[in-house]
């Protein structure tokens, strides 16, 4: 069903926040070929917007055609094109393989080699989707770029704000903390207030061929879940072995490369001591994997880098005054209370109670402590601050 836009009252704001009728509002819909982005395009078209669909070809098109659960490659490009044809909008495919490899895949490999644990989906949003694609949308004369992310954007007193999705089980705020205010001004997230079940129903209502398509899973360019294989392919010779060392200094065994390990890992260590051991630190330059008891995983705080602040006032003011925040260190964990501050002049967050198994390279996302859904920003973890001094000295 379409909306009659023939008579549009002066000053009336459309569903995307513009004071003009939908047919005068150009929207670029980022289409990955999945259900969510397809529903966004169909919804906007049904409301009468001037919609253009764009899909980014991000990696090895040929090898990815048969891969299930990927995005932005192979069959997904065909699906996005077919959906666009079905709903009657123009569709374009932009080849961003080189850009994606340079900004996302190369960074992924180098981050693992440094002993950190990367989050390529954040890098992709930050350096490709919300940078290059957004710029392309503006070049096409679009008023905004709409995506299928489960997150909400609202207009606040200091500009656009980012809020958690209505459906907590689908909330993607952890992966979108790096979105800047300038980007938020141009972005729209039509699914932020909808549960996934309703999105599936809409896909069926619009008779989209992707209505029953599974959600994308894992990292799109890691076909079998083996991160180490991808790193080895991008950085031949990266699997150089070294020692597995206990916190007390004992050498317990050998490993085949730090790229096979992450903080908090217990399985696959290949050492037997009778007591449960976990990876508590990775010394990449020395090629040492340091293990210890579970209590050695506890972290009192985190030094942050590339910090993006979306809260009130400036980051400097918030950190200087020790602003109280909620901190999320993994997408699967609930946020925990703490405060902003500085450690040795570097922006940091400090937990009210020590947090377990926090890895360098992951994200620390900040939320409003006062029960609201607002995302205050976040940063990448430059260095955890261990509660156990043995880990500091190791």
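Using N, Cα and C of the backbone, Cβ positions are placed for all residues, glycine too.
When 141, 148, 156 are compared with the ATP site residues 30, 31, 32, 33, 34, 35, 36, 37, 56 in Swiss-Prot, the one appearing in that site is 148. When secondary structure is read from DSSP and collapsed to three states, residue 56 (ATP binding site) falls in the strand class.
Taking the C-alpha positions, the distance from residue 124 (active site, nucleophile) to residue 220 (active site, cysteine persulfide intermediate) comes to 11 Å. Spacing of residue 36 (ATP binding site) relative to residue 362 (site 'Interaction with tRNA') is 26 Å (Cα to Cα, whole number). Here residue 30 (ATP binding site) is compared against the recorded positions 149, 220, 362, and the shortest C-alpha distance is to 149. Once the Cα atoms of 30, 31, 32, 33, 34, 35, 36, 37, 56, 148, the listed binders of ATP, are compared pairwise, the greatest separation found is 16 Å. Reported as a whole number, the C-alpha separation between residue 32 (ATP binding site) and residue 220 (active site, cysteine persulfide intermediate) equals 11 Å.
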